Amino acid sequence: MTEISALKSRLLADIAAADTADSVETLRVGALGKNGVVTALLKTLGGMSPDERLEKGPAIQDLRESVAGAIAVRKAALEQAALDARLAAERIDMSLPADLGPVGSVHPVSQVMDELAEIFADLGFSVATGPEIEDDWHNFTALNIPETHPARAMHDTFYFPDGEADGQKRMLLRTHTSPVQIRTMMTQAPPIRIIAPGRVYRSDSDATHTPMFHQIEGLVIDRGITLGHLKWTLETFLKAFFERDDIILRLRPSYFPFTEPSVEVDVGYTLVNGQRVIGGSGNDKDGGWLEVLGSGMVHRKVIENCGLDPDEWQGFAFGTGVDRLAMLKYGMTDLRAFFDGDLRWLRHYGFSALDVPTLSGGVGA
Amino acid sequence: MKFTLSWLKEHLETDADLLTILETLTNIGLEVDGVENPAERLGAFRIAKVLSAEPHPQADKLQVLAVDAGDGPLQVVCGAPNARAGLIGVFGSPGAVVPANGMVLKVAAIRGVESNGMMCSFRELELGDEHDGIIDLPGDAPVGQVYAAWAGLDDPVIDVSITPNRQDCMGVRGIARDLAAAGIGSLKAITIPTINGQGAGPDVRTEDASGCPAFFARSVTGVTNGPSPQWLQRRLKAIGQKPISALVDITNYVSVDLGRPLHVYDMATLNGGLVARKAQDGEQVLALNGKTYTLDPRMTVIADDAMVHDIGGIMGGAHSGAQDGTTQVLIECAYFTPESIAVTGQALGLTSDARTRFERGVDPAFLDDGLSIATQMVLDLCGGTASEATRAGAPPAAGRSVEYTPTRVLALAGVDVAEDIQARILESLGFGVSVGDIWTIAIPSWRRDIDGAADIVEEVVRIYGLDKVPSTPLPRAPGVARPTATPEQMIERRVRRTAAARGFNEAINWSFLSEKEAASVGGGDWVLANPISEDMKVMRPSLLPGLLAAVGRNMDRGAASVRLFEIGRRYFATGERATAGIVLAGEKMPRSWQTGKAQGFVAHDVKAEVLALLAAAGAPIANLQSFGEAGGAYHPGQSGTLRLGPKAVLAEYGMLHPALARQFGLSGSVAAAEIFLDAVPVKRRASFMRAPFTPPALQAVKRDFAFLVPDAIDADALVRAVKGADKKYIVDARLFDLFVGPGVEDGHKSLAVEVTLQPGEKSFTDEDLIAISGAVVKAAEKLGAVLRG
């Protein structure tokens, strides 16, 4: 056993026994520092004869490498242990609740309007708008609703006070979205395909009527458009909206002053656990018909009133309640709750911001 | 419009079953609202004879009857005063359900005596109001038979809703005609009686050719008024009308049967002749419904020398109506103009069966016939002698026709209907058809609604069957559907979904406010003349009141934190403005193990939301300037506006003014904002291509500056000034510290700004940096800010 190997054994044992980073550092300085024992041995190499160096050199080099290696290993081990100890001390109760932040919602009426816009965009319809404070010409006269029509009566229509008595048009709250038909036909050259959703107003209030509600109007003006196109459009729209292929429509002759022929549209439903589920024939067992749309071929007087030639241009119009469509699709039962702003209701029936209706992802959510 | 199946069959010869008739009615546009057969509810009630009646041992007012309902005697306890041996009445056996109250009859002991059913009154069977005693039938009523069948009640009552264009179907005959056209049997001929009038007709005139162009009348003397015959009463009762007396019942019957309203006057109550004229302003009449109406000169009345007797075509007067003692009557059969009826009816708020018919336009060619039919019925049921008819004026009964080409059906309805079928349909509806290159269609006098070829198409198609119209796809543009949303619509969609993503719940509030609510936000330009209530009177000039009211309701329900938004319009004399309103109320953060006590909202919380929503809308938020003047709804010191230039206000926001919070009953922190979506500049995209990506070669340098600034200077102004100090190298300036307190002189604040400098081709030299710093300090000094040492 030489001196060197004895020194090595001692140093390695000391390093292994060091239990703090500081004591490892003290050992490093004592061995490998400027005045360290290993450093001193390395310095002796310079004064040796070549033979002597050949004999002792490798042992001294081995000593230096072993000690340096052992110090590095020991240091790393101690750092790891220290980190482990710190992390262990930093443990917290991960079962404590985390704050998700507030969760918002989109109103069902807005959602359904977006759904309708998406479906009708695929059929080539754009979305048109018009004022809610209308004049009686756009709301009634242009739509072939004469002065004495009951719909003009005070009990249905919200009016504003008469303007100056110089033949000014009487202002009112639009009772339907149909004046948008007029405004579109007067400003846009055919062919026309639009839908017009929006707020409408009638002086009516009970469980199923509110003085403000939402309608959507559809209008197609082109050459050669027939009742058959209307039928297809409504079938296609309702199938896409309810995402069901078993939608069955029943068309009934009806009367609206601004369409001729006029058609009321019922959709078949089936009673499932006491709820009306759209789909199937209304004539089936457990079935029934729900009136969902008013429609017809645009009256030639209306087309004329808009400055178009009714012998060249014809088409169809339809209208339905957006709130009602939402109720039929998503199962709300009380219309008044739509306009109450009750957070509980909005969270229950509302939609996530990311439920954007798309054709690929589905228009329903 | 209600009628019974047997009534329909007075006009329609048919073998069709009820279900087929109902389906056809709906299919041809006469929508069936309901159908009910009273006999189905009365099937368990049979005709029975009281064999004996003995006093009840325990009760003075009760009797113990032995009743035979066809199966031998049954013991029945009865309290009716008219119960007696030999009476034939109607008996409900155990198990039967009493229509009036839903009670199920069962064997029971009444005051200790067993009773095996019930002898019924009319009211208990819902056949009338009589409840003085049990039903007392004629002696020949067949004991044991089902009562309803014997009494002719086995007759379904059909209720159809008639669209306003079809006055002809306000009479049973019109409905029968439509059904016959649709292939349900054939329309029976109607016989118009010939009246051999004795003596001159009554003195009637019309002075109002616009409101009442024709006034036809006959008088009948020597009549005996009283209850009308059973068949007539039964029909009226079946459709929910109350029989009154023969004379009144006749007018009601003709009105429902033929859609021809009439009026009968007791001539003994009249002073001189009757004239149709415009009412005088303020003239009054006590109508048959017991109410007094004040009239004006727009309204047509029938009056004698002394008073008004009839609101023409709407309701008769109480003074001259037919009574039990009436012996001489005047039967009025007039034509009132629909427009005039509508004006009067609306002005008086008065509806009646007559108004419903005249307003839609009765058959102007049916005055003579209607008068003859009514007169004959009076003669038949009440006796007497009829006068000649007086015919004052003339109804607008000129024949009308329309030119028509049968190809219109295919062109408009998309269904091909053979010409012979079209002609048959039209003829069966009463139209005259002259075939040719262009057909001439004579319009029947009762179809006032027809005035063009499209109407003829509708007639053909509704009878032929809408179900036969083939579903025809709309022509589709080649390729994938194109985008349709306008930039304005996209702004609304983005703002809506961003708000929802940031934790707001979307509400939809009324467009109208109370005057008080409107006044709290500056008052509205549009005030309704006929609001449904005082709470819904003024079109909103702001979305805040609706949102605040909704916050209040939620707080009242116990909500601790409310974040609501609404996207809708504000209404001004100058137009309607698309607006997003938001409100933050109550707790921003609930109390929490992390953050301690609950925290309320502060003004900059709502500013952050406003900026986020404006960014979503596409507004250039880096260029927005912060101004004051948010308006009286907000805390004057904690509110502001964001503008693009001094005039274009994009948003108002801030803490709510305490006075407004109090008005809506809100406590705690409330912050709110309105974003004026129509003021956001619309970006029209020229190309999808983005500018090339060219990151700077050299790293940016950051330098901090702290300034002593007078309180009156806004931080925004300082940051803008700093940012503008060197347009070439300063790319950003961000305020990161605000300090007031020791070391900062009174009336001042310390603001620290981090400035980002972007070198170009080569790194900054010390001289460059000194020059830029000097420019920054100089720009700040112009505002009165001093660099802190």
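Glycine too: its Cβ is placed from the backbone N, Cα and C atoms.
For reference, TrEMBL has these:
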- B:Asp449, B:Asp455, B:Glu458, B:Glu459: Mg(2+) binding site (BINDING)
- B:39-148: domain 'TRNA-binding' (DOMAIN)
- B:397-471: domain 'B5' (DOMAIN)
- B:696-788: domain 'FDX-ACB' (DOMAIN)
Which residues does B:Glu458 (Mg(2+) binding site) neighbour through Cβ under 8 Å, counting only same-chain ones at least six apart?
-> none
Counting Cβ atoms within 10 Å of each Cβ, the densest environment among the binding-site residues B:Asp449, B:Asp455, B:Glu459 belongs to B:Glu459
Mean pLDDT across the domain 'B5' (B:397-471) comes out at 94
Per DSSP (helix/strand/coil reduction), B:Asp455 (Mg(2+) binding site) sits in helix
In the domain 'B5' (B:397-471), how many residues does DSSP call helix, how many strand, and how many coil?
-> 31 helix, 13 strand, 31 coil
When DSSP states are grouped into helix, strand and coil, how many residues of the domain 'FDX-ACB' (B:696-788) land in each?
-> 26 helix, 32 strand, 35 coil
How many helix, strand and coil residues does the domain 'TRNA-binding' (B:39-148) contain under DSSP?
-> 6 helix, 39 strand, 65 coil
